[in-house]
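*Asks:* I'd like to ask some things about the structure below.
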Amino acid sequence: MPRIAFYPGSFDPITNGHLDVVRHAVPLCDRLVVAIGVHPGKKPLFSTEERLRMLEDVCGPVATQAGCVLEAVTFDDLSVTAARKHGATIMIRGLRDGTDLDYEMQLAGMNEAMAPEVHTVFLPASPMVRPITATLVRQIAGMGGDVSTFVPPLVASLLKAKFAG
């Protein structure tokens, strides 16, 4: 039976922190479903289609190199429900610090109550990417700052173009 993992997030935009999680996740599964949560009340910087392409272009080669299939999808329900729909038994969550751990432990407990067959796996961020958040990347890029050390080159180019006009 293939090991399917589900990695949910907004990925607006994908950062080197997200990519770090993907690098650590792909050896754990045969298929990694990277899923963009779509919520009608939120106004993302990048469209869903742009984020899906970013995920495929940036994370796809990392997965392929590890012998893992990457699938970029969207979902608009609970992440644990979406994980089940994709046949995942592993929920991937990245941790930057203790604050993330406290929050993610609560989510993991609730998810386990709703779907005991989906096990949360916490992947600690590598030291170089711990301070990176998509929110800070958007703010820095929006003010003309250089984000090239925080995001993959493709994403840096897309951010520059997004804020050029």
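Each residue, glycine too, has its Cβ placed from N, Cα and C.
Swiss-Prot feature annotations, pasted as is:
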BINDING   Ser10, Phe11, His18, Gly94, Leu95, Arg96, Glu104, Val129, Arg130, Pro131, Ile132, Thr133, Ala134, Thr135  ATP binding site
BINDING   Ser10, Lys42, Ser79, Arg93  substrate binding site
SITE      His18  site 'Transition state stabilizer'
*Asks:* Counting only residues 6+ apart in the same chain, whose Cβ is under 8 Å from the Cβ of Arg130 (ATP binding site)?
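*Replies:* In sequence order, the residues whose Cβ lies under 8 Å from that of Arg130 (ATP binding site) (at least 6 apart) are Gly17, Arg96, Asp97.
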*Asks:* Find the one among the binding-site residues Lys42, Ser79, Arg93 whose C-alpha lies closest to that of His18 (ATP binding site).
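*Replies:* Among Lys42, Ser79, Arg93, Arg93.
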*Asks:* According to DSSP, folded down to helix, strand and coil, what is Ser79 (substrate binding site)?
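*Replies:* Reduced to three states, the DSSP call for Ser79 (substrate binding site) is helix.
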*Asks:* Run through the Cβ atoms and count how many others sit within 10 Å of the one on His18 (ATP binding site).
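*Replies:* Looking across every protein chain shown, the total is 27.
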*Asks:* Using Cβ-Cβ distances, find the residues under 8 Å from Leu95 (ATP binding site) that belong to the same chain and are at least 6 apart in sequence, listing them in sequence order.
*Replies:* Leu101, Glu104, Phe122, Leu123, Pro124, Ala125
*Asks:* Which of these binding-site residues is closest to Ser79 (substrate binding site) if you go by CA atoms: Ser10, Ile132, Ala134?
*Replies:* Ser10
*Asks:* To see if you understand the setup: which same-chain residues, six or more apart in sequence, place their Cβ under 8 Å from that of Lys42 (substrate binding site)?
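*Replies:* When sequence neighbours closer than 6 are ignored, Lys42 (substrate binding site) has Ser10 within Cβ distance under 8 Å.
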